[in-house]
Amino acid sequence: MDVSSQHKICGVYDDDLGEPTLLTHFPKVDQTTLIRYLFLLSFYSTHTLIHLPKPLTVSFTSLAFATLSSQKMETRSFYSLLFLLLALASLNSVHGQGTRQGFYSTSCPRAESIVKSTVQSHVKSDPTLAAGLLRMHFHDCFVQGCDGSVLIAGDNTEKKAFANLGLRGFEVIDDAKTQLEAACPGVVSCADILALAARDSVVLSGGLSYQVPTGRRDGRISQASDVSNLPAPFDSVDVQKQKFTAKGLNTQDLVTLLGAHTIGTAACQFFSNRLYNFTANGPDPSIDPSFLPQLQSLCPQNGDGSNRVALDTGSQKLFDLSYYNNLRKGRGILQSDQALWNDASTQKIVQRYLGLIRGLLGLKFNVEFGNSMVKMGNIELKTGTDGEIRKICSAIN
């Protein structure tokens, strides 16, 4: 499947192939069984939509009441119906606390396209910016909510906190904001620009698109001291769960959102402790012994810690399942990443994403990542008259 078209379709996820695919061998089912499948699939809000072929007609007031008339159900027609209902479920589920899909459809119709083209231009010149923008959105949402506070420059701001010193992509947000202010002055928030840029970065890296509810307003507070509650590379699963729960996110969101590490790199200083004197007997025993020499050569003992290593060995620029497969092999880079495989409560979710289950139950990571991103994107929002719409993303008005 052409990666560039993935965001335009929805399909059944085949873990063996590592991409969305139409599985052509699905048994004929009666209406009762079909409805059961529809209930199951209604929990997976997905992306855009497809076609309803002429042999089928559907009428419903909700997913709970769907009727099907067809002389003979063919596989293609069956999937088209499923895809239609998935899309309708998506339209009903994409909203948040005061945000909504298409918030700027009247006030600034080109808002999303301007952000998209800006991200495309920058990522084309430097593909590593995709991971940078995705990480920046995460760091923004976990501190003061998704309000663009991480973008504010100045002494003692979030941007200056140690955990944020490696953030990249500020110039992309500034570029998009300049263009949006020219097209629609004082309308589009920096927080929304960042949320949209994160989604576009996923798509440009080969992931599926997802609808981003907009309508966030920008915060006026940015303090380095608030960054201490960010999930850290040394956190245990229990600590990570506590931090995610505090933001209204569950264990599946934790495992899913850390899947963003399928793209990007980490500096040696954030994991080199695992390579040498992690225990009294030496390196972290959860590291694959055959992988350890490679990491040690990239991050020599007593080095300066600035060397960068791919978080997803062998697939650092592609948004795929390789990250989870590396965890299974003991090749997770950060201690907090590898812990997902070492803890039973999170390992089962990783296994589900890596499972060999075909068909309906195989629709997993790519769709769930979008769902969790939307959920994270609605943390502690400022909407309505709260906050402001910054004229420049790096400074409050």
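Using the three backbone atoms N, Cα and C, a Cβ is placed for every residue, glycine included.
Remember, TrEMBL labels are computer predictions, not curated facts.
As annotated by TrEMBL, domain 'Plant heme peroxidase family profile' applies to 98-397.
C108 (disulfide bond): 18 other CB atoms within 10 A of its CB, across all protein chains. Residues annotated as disulfide bond in TrEMBL: C108-C184 (among others).
Residues annotated as Ca(2+) 1 binding site in TrEMBL: D140, V143, G145, D147, S149, E158. Counting only same-chain residues six or more apart in sequence, the Cβ atoms lying under 8 angstroms from the Cβ of V143 (Ca(2+) 1 binding site) belong to S149, V150, E158, D226, V227, N229, L230.
Sequence-distant contacts of C141 (disulfide bond), defined as residues of its own chain at least six apart whose C-beta falls under 8 angstroms from its C-beta, comprise K247, M376, G377, I379, E380. Annotation comment: TrEMBL describes C141-C146 (among others) as disulfide bond.
The disulfide bond annotation in TrEMBL covers C190-C393 (among others).
For H261, the entry in TrEMBL reads heme b binding site. Cβ neighbours of H261 (heme b binding site) (same chain, under 8 Å, six or more residues apart in sequence): L311, D312, Y323, I333, L334, D337.
Under the heading disulfide bond, TrEMBL lists C268-C299 (among others). Counting only same-chain residues six or more apart in sequence, the Cβ atoms lying under 8 angstroms from the Cβ of C268 (disulfide bond) belong to L298, C299, G303, G305, S306, N307, R308, V309.
Counting neighbouring Cβ atoms within 10 Å of each of the disulfide-bonded residues (C146, C184, C190, C299, C393), the lowest count belongs to C184.
Same-chain residues with CB within 8 A of the center of the D140, V143, G145, D147, S149, E158 CB atoms, the Ca(2+) 1 site residues themselves not counted, are H139, C141, F142, Q144, C146, G148, V150, G219, S222, D226.
Mean pLDDT of the predicted structure over the domain 'Plant heme peroxidase family profile' (98-397): 94. For the binding-site residues given as D140, D147, E158, the lowest number of other CB atoms within 10 Å of the residue's CB is seen at E158.
If you take the Cα of D147 (Ca(2+) 1 binding site) and the Cα of C190 (disulfide bond), they are about 8 angstrom apart, rounded to a whole number.
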